[in-house]
Amino acid sequence: MSVLFISDLHLEAERPDITRAFLSFLDERARRAEALYILGDFFEAWIGDDGMDAFQHSIASALRQVADGGTRLYLMHGNRDFLIGQAFCREAGCTLLPDPSVIDLYGEPVLLMHGDSLCTRDEAYMRLRRWLRNPLTLWVLRHLPLATRHKLARKLRKESRAQTRMKAVDIIDVTPDEVPLAMRRHGVRTLIHGHTHRPAEHALEVDGQPARRIVLGDWDRQGWALEIDANGHRQAPFPL
């Protein structure tokens with residue numbers, strides 16, 4: 001059996017093509033896998049488990065069916081859905097992973113991240129990230145009225161899109177020097193992350209030893225999945 005990794009689906013009711021592709025992916029591939037790891041930005045936005053709508057409940061139900069079939073499900077926060085909590089995870093049958101996390105993958109320690117924390121050259125975003133992830137900020141956000149949270153989420157998404165268009169490509173990508181630092185800190189030679197929407201595999205050295213960074217693809221014009229088993233790994237796109 002294999003282990004699957006996906007990220008950056010940005011699921012929302014307004015993109016039924018992505019939803020259909022994801023449900024097919026669950027039926028055709030995830031049910032046969034040992035585990036599925038979703039490394040952030042699973043949803044386009046998340047205002048809190050208490051604000052789940054019918055669409056989000058339907059996604060949780062689909063995940064639960066896969067979990068009940070024996071596939072282990074793991075979910076990591078992204079920059080769009082960091083308010084996902086234990087209520088959703090219980091409903092979906094998945095385990096919420098901290099970012100970063102180290103897992104044992106066929107005898108090798110592997111570092112998993114969403115990836116946004118590696119983009120340190122984007123100083124404005126890093127300041128916003130630190131503020132949003134502050135425990136006090138999280139508490140306040142979760143206790144705001146739902147209508148206020150919806151309004152704030154729309155505002156943040158609009159500003160994020162505008163700023164991304166204005167920033168240089170290298171600013172919003174991973175800072176190269178941060179990668180070996182993170183890998184050395186966690187004692188790994190393999191890092192898997194998403195966030196940048198630039199699927200690729202990068203070779204590097206950490207303390208003189210060969211290492212690799214696998215970047216997951218986003219689900220916009222096509223879907224992406226990384227599949228790893230005891231014999232190797234393969235990341236490939238597929239149509240929505």
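Keep in mind that glycine also has a Cβ here, set from the backbone N, Cα and C atoms.
Keep in mind that what you see is a predicted model, and the values were worked out from it rather than measured.
DSSP assigns H197 (Mn(2+) 1 binding site) to coil, not to a helix or a strand. Annotation comment: Swiss-Prot describes D8, H10, D41, H197 as Mn(2+) 1 binding site, evidence class sequence analysis.
Per Swiss-Prot, the feature Mn(2+) 2 binding site maps to D41, N79, H114, H195. Taken residue by residue with DSSP, H114 (Mn(2+) 2 binding site) is part of neither helix nor strand, so it is coil. Within 10 Å of the C-beta of H114 (Mn(2+) 2 binding site) we count 25 further C-beta atoms, all protein chains included.
Among the features that Swiss-Prot reports, substrate binding site is placed at N79, R80, D122, S160, T164, K167, H195, with the record citing sequence analysis.
Across the structure, N79 (Mn(2+) 2 binding site) and D122 (substrate binding site) place their CA atoms 14 angstrom apart. DSSP assigns S160 (substrate binding site) to a helix in the three-state reduction. For D8 (Mn(2+) 1 binding site), the spatially nearest entry among the binding-site residues R80, H114, D122, S160, H195 is H195, judged by CA separation.
Taking H10, H114, H195, H197 as the binding-site residues under consideration, the smallest Cα distance to D122 (substrate binding site) is found for H195.
DSSP assigns H10 (Mn(2+) 1 binding site) to coil in the three-state reduction, outside any helix or strand. Neighbour counts of Cβ atoms within 10 Å were compared for the binding-site residues N79, S160, and the top value is held by N79.
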